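Annotated features, as they stand in TrEMBL:
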| type | residues | note |
| --- | --- | --- |
| REGION | 1-39 | region 'Disordered' |
| COMPBIAS | 1-16 | compositional bias 'Pro residues' |
| DOMAIN | 110-245 | domain 'Yip1' |
| TRANSMEM | 121-138 | transmembrane segment |
| TRANSMEM | 144-164 | transmembrane segment |
| TRANSMEM | 176-197 | transmembrane segment |
| TRANSMEM | 203-222 | transmembrane segment |
| TRANSMEM | 231-249 | transmembrane segment |
Amino acid sequence: MQPPGPQQQPPPPPLFAPNNGDFTFVSSADAEDPSGSITAPDVKLNLGGEFIKESSATTFLRQRGYGWLLEVEDDDPEDNKPLLEELDIDLKDIYYKIRCVLMPMPSLGFNRQVVRDNPDFWGPLAVVLFFSMISLYGQFKVVSWIITIWIFGSLTIFLLARVLGGEVAYGQVLGVIGYSLLPLIVIAPVLLVVGSFEVVSTLIKLFGVFWAAYSAASLLVGEEFKTKKPLLIYPIFLLYIYFLSLYTGV
């Protein structure tokens, strides 16, 4: 018997095996043509339980780091405010201030200081515009002039009040002067009826001016003026005489 020959050892495994998850190298002859287009991956977004397929352009932007261009911001509840609230218009507050100006007697129990201490812009502006509208008859340029007198007349009263030692802001003066035009608006239809009676018409005009001036002065002229009150009441009175002259066309 011949002694058994040496057993052959199996060849070592390849260093890169495809079944092991490794990469294999192929020759250039076996390689596919690299030219052509790259197919975009099929990416889906999960939005509320529904999958939406992204387009190639969307995927391209995300891969290049521009995905923030595709983001959609959530609606802010504060952006859905009503228009009046967005413009800071309180109709109840404006209505209360109108009543305070039209009924300035302290015995009626209105807290009239709210007109001065809590000024607003839209209420006085509406009053001034309404006064301008009723003054339009035959004098169309009067609208811009009334608004100008309201702004700069209030500025004059404000500067005078500050010089006399009053603690008042320009916004407060602007609101009080604007709201106090309401008595002149009230007497306007009466003047249309009694316009042919000169004496009665003059008395109604004086009553309207005194009414408006008293409403404004009682809010702007405080106890801090002491003996200087007439120095501020008189220009307020003249201001409303000028407003009435713009309405009557004198």
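For all residues, glycine too, the Cβ spot is worked out from N, Cα and C.
Between the transmembrane segment (121-138) and the transmembrane segment (203-222), fewer than three CB pairs separated by 6 or more residues in sequence fall under 8 Å, so the two stretches do not touch.
Sequence-distant contacts of the transmembrane segment (203-222) (same chain, six or more residues past either end, CB-CB distance under 8 Å): 101-102, 104, 112-113, 115-116, 157, 161, 166-168, 172-173, 176-177, 179-184, 186-187, 190-191, 194, 229, 232-233, 236-237, 239-241, 243-244, 248. Note on the transmembrane segment (144-164): residues 124, 128-129, 131-132, 135, 170, 173-174, 177-178, 181, 220, 225, 228, 231-232, 235-236, 239, 242-243, 246 of its chain, located 6 or more positions outside it, place their CB under 8 angstroms from a CB of the stretch. Summarised as a single figure, the pLDDT of the domain 'Yip1' (110-245) averages 86.
Within the domain 'Yip1' (110-245), the DSSP-based counts of helix, strand and coil residues read 108 helix, 0 strand, 28 coil.
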